[in-house]
Amino acid sequence: MLPSYKDLKNYDGKTPHALFTEEHKDLLTEAASWTKNTAKNCMLVSTLIATGVFAATFNLPGGRNSTTGTPTYLTQPLFLTFAISDAIALISSSASILMFLSILDSSYAEDNYFRSLPFKLLFGLIAQFVSITSMMIAFGVSSFITYYHGSNWVPIFISILAFLPIPFFTLILFPLSTDIIHSSYFCLTLFRPRERLLC
């Protein structure tokens, strides 16, 4: 419709936006259901990641020195890599949990689908991707520290296998995130709340 018609009313006294909202109630209900289910599933994954990396913080690779209580491999660069990647995994998974929790607590009003919900979902998915990647780095480094004293090929093989889930998650995340970015930030003339041009 023409932009000049957006404030005009029909015979029932409804603007184009009010008519569009009324005729697409089912679409809003389906979107709310999909968003809730996605947030619940992703929050479950982030919670599992946070639990695992939190436990890994206290179960250090190589254990602790019995006399001083410090980690055995504290001076090795690989241990520093483990500690940093484990901390990043814990922080990003916690941020992801908070984002998905805020999605579940949302009112799912029509205006929330323009900016708030897509941003929260995108931020949560990116934080979850960072947490999975960091967790795999921590696991690979931990395996390398633990098993490097025997055969050299075992820790290298385990470290390579640890990174296999990352490309698969990228294949899932990339199309979804590009759809969210495109519909929320590049289609502003179609979905901007202050204009609401119905095409």
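Any Cβ shown, glycine's included, is placed from N, Cα and C.
Residues annotated as domain 'PGG' in TrEMBL: 33-145. What TrEMBL lists as transmembrane segment is 41-58, 78-101, 121-147, 153-174.
For the domain 'PGG' (33-145), the model's average pLDDT works out to 85.
Tertiary proximity for the transmembrane segment (121-147) is limited to same-chain residues at least six positions away from its ends with a CB under 8 Å from its CB atoms, namely 35, 38-39, 42, 45-46, 49-50, 52-53, 56, 61-62, 73, 76, 78-79, 81-82, 85-86, 88-90, 92-93, 95-96, 99-100, 103, 154-156, 158-159, 162-163, 165-166, 169-170, 173, 176-177, 180-181, 184. The DSSP breakdown of the domain 'PGG' (33-145) into helical (H, G, I), extended (E, B) and coil residues amounts to 88 helix, 2 strand, 23 coil.
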